[in-house]
Ligand code: NAD
C-alpha cells in the first residue's frame, strides 16, 4: 500500500480512524493498483470534526490577520519545499502526469496560502461611514465553521483554495475530499499543523455523497463551499438553503472558446489543446466548444490533428508523459459513451476516440479526441463530458457565434482568440460567463477572481473577492448625541 496514510481522517491536529465507517480503496488510475485503504466518516466522526472546529475557532478569530497570515505563509513555504513529494502523491491520487502536478498542483495551493497569508492584513478592513455628527463603521467578521467539499480533478489545489481564504478570515474548516482522491488533503492538514496552525482549525474527513449531507446539514456549520457537478450543486445548495447557510458553488461548464479568422493560429490551437487536454480534460473551465470561423477551419483542423497526435500518453510518473489516465473507470466509460454519441449523431471524428495501445490493461486511459462538424444540438455540444474530448463547431460571423456561445445553461468560462483588440473586448462583454480569457485560455492565478454564472455556480474563489465569501459584514451605528424620541 504505497500511499497509505496513518488513518482516514485528520481531526483536531491528529490522524483518527473509525473502522465502523464504510471501507473504500484509493486506486492509482494508471495501473489499477490499490494504494490506500480507508474508511468513510461515520456520523460520530462528522460530529468529532465539527466539534473540534467549533471549539478552536473563537481563539483563532481573536488573533490579528497578520498573525494568522504568517502561519499560512509558512505552510506555503513547506509545500514548496516538499513540492516533489506532494506532486507524486497528487499523481498517485489522480493519475495526472507528474509533468503537470509538479508545476500546477501543490504550487498553486502554496500560491493560495501565500497570497491570502499576505493580503489578509490589508483586505479584512471595514469602513468608516460619516453621518454628520454620528457615524457608523463596518467590520468583516468570520462566519465560524465552514465546510469545504472537493472534486477529484485538483484535490490539493481545491483544498487550499478553500482553506486559505476561510482560515485567514478567522474561520475553522472541515474539508471532505472526493472519494476518488482522498489523499492530498490529509497532507495539507499535516503541513498546516507543522506551520503552526492551532489544532482543530483544518480538519479532513473522508466520504462520499452520503457523508457530504451530514456536513452540509450540521447545525453548527455556517457556510458550505462546494466544487463539483451541477446536479450535486443543486442538492447541496438546496440543503444549505433549508438552514439559510452561506454557499459558494464552483460547478461544471460547457464553455465556448471562439477563434476568429484573424487570430494567431498557433496560439489559438495551443490554447484550445490546453483547454481540452490538460489534466486529461478533467478541468471545469475547459473550452470544450471550440467555435472556429469557417474561413480558417481546414487550416485549424489539420494543424490541430497533427499536434494532438503527437501528445505523449503513458506512465504519469515519467516526466515525458503529457497525458495520463482518467481519474476512474466509471469516468472513462462515461467519456467513451459520449464519444459513441458523437459518432452516432453525425460529428466527424478527426482523431482519437479510443483506448490507446500500449497502456496497462487496468489503466483508465483514453486518447485525446477531436470532433469536427459538431452542431449545437448534439449531445457532445450540450453536456459536460469532463474528459479529453474537443468539439469543433463552425461559425460565420460575430453576432451568430455570440448567440450560440451563450445558448447553454452553463456560464463558467469563455475565451476569444483574435488580433482585433476592440472585437476582443466587445465579444467578452457579451459572453455570459464568470471567468473569461482573451488570447489565452484557462490561466487562473490566485490574484484574479474565479467562478461561474448561470448554472455554473455563484460566489468566487481566489483574489480578495474570496474573503467576502468567508466573512459577514457587521455594521455598527454610533450616536454622538441624545436620542430624540417623539414619545
Ligand atoms: P461530484 O458533484 O460528483 O462530487 C463533488 C463532491 O461532492 C464530492 O466530494 C462528492 O463526494 C460530494 N457530494 C456528492 N453528492 C453530495 C451531496 N448530496 N451532498 C454533499 N456532497 C456531495 O463532482 P466530481 O465528479 O467529483 O467532479 C467533477 C465535477 O466538478 C465536474 O462537473 C466539474 O466541472 C466540477 N468542477 C468544478 C470546478 C469549479 O471550480 N467550477 C472545479 C473542478 C471541478
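Heads up, the Cβ atoms here are built off N, Cα and C, so glycines get one too.
Record features (TrEMBL):
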DOMAIN    16-476  domain 'Aldehyde dehydrogenase'
BINDING   150, 151, 152, 176, 177, 178, 179, 252, 284, 384  NAD(+) binding site
ACT_SITE  162  active site, charge relay system
BINDING   244, 454, 457  K(+) 2 binding site
ACT_SITE  250  active site, proton acceptor
ACT_SITE  250  active site
ACT_SITE  284  active site, nucleophile
MOD_RES   284  cysteine sulfenic acid (-SOH)
ACT_SITE  461  active site, charge relay system
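When the alpha carbons of residue 250 (active site, proton acceptor) and residue 177 (NAD(+) binding site) are compared, the span between them is 14 angstrom. Filtering 152, 162, 284 by Cβ distance to ligand 1 (under 6 A) retains the following recorded positions: 152, 284. Checked against residue 177 (NAD(+) binding site) by C-alpha proximity, the recorded positions 162, 244, 454, 457, 461 yield 162 as the nearest.
Ranking the binding-site residues 244, 454, 457 by Cα distance from residue 152 (NAD(+) binding site) puts 457 first.
Fewest Cβ neighbours within 10 Å among the binding-site residues 244, 284: this applies to 244.
Under the three-state DSSP scheme, residue 150 (NAD(+) binding site) falls in the coil class. Most Cβ neighbours within 10 Å among the recorded positions 179, 250, 461: this distinction goes to 250. Of all the recorded positions listed here (162, 454), the one with the fewest other CB atoms within 10 A of its own CB is 454. With residue 179 (NAD(+) binding site) as the anchor, the candidate recorded positions are 162, 454, 461, and the one with the nearest CA is 162.
Rounded to a whole value, the Cα-Cα separation of residue 454 (K(+) 2 binding site) and residue 284 (NAD(+) binding site) is 14 Å. Every protein chain considered, the tally of other Cβ atoms within 10 Å of the Cβ of residue 177 (NAD(+) binding site) stands at 26. The two recorded residues residue 162 (active site, charge relay system) and residue 461 (active site, charge relay system) have their Cα atoms spaced 8 Å from each other. For residue 152 (NAD(+) binding site), the count of additional Cβ atoms within 10 Å of its Cβ stands at 22 [all protein chains shown]. Spanning the residues 150, 151, 152, 176, 177, 178, 179, 252, 284, 384 that the record associates with binding NAD(+), the maximal Cα-Cα distance equals 23 Å. Counting only same-chain residues six or more apart in sequence, the Cβ atoms lying under 8 angstroms from the Cβ of residue 457 (K(+) 2 binding site) belong to 233, 248, 249, 250, 251, 412, 434, 451.
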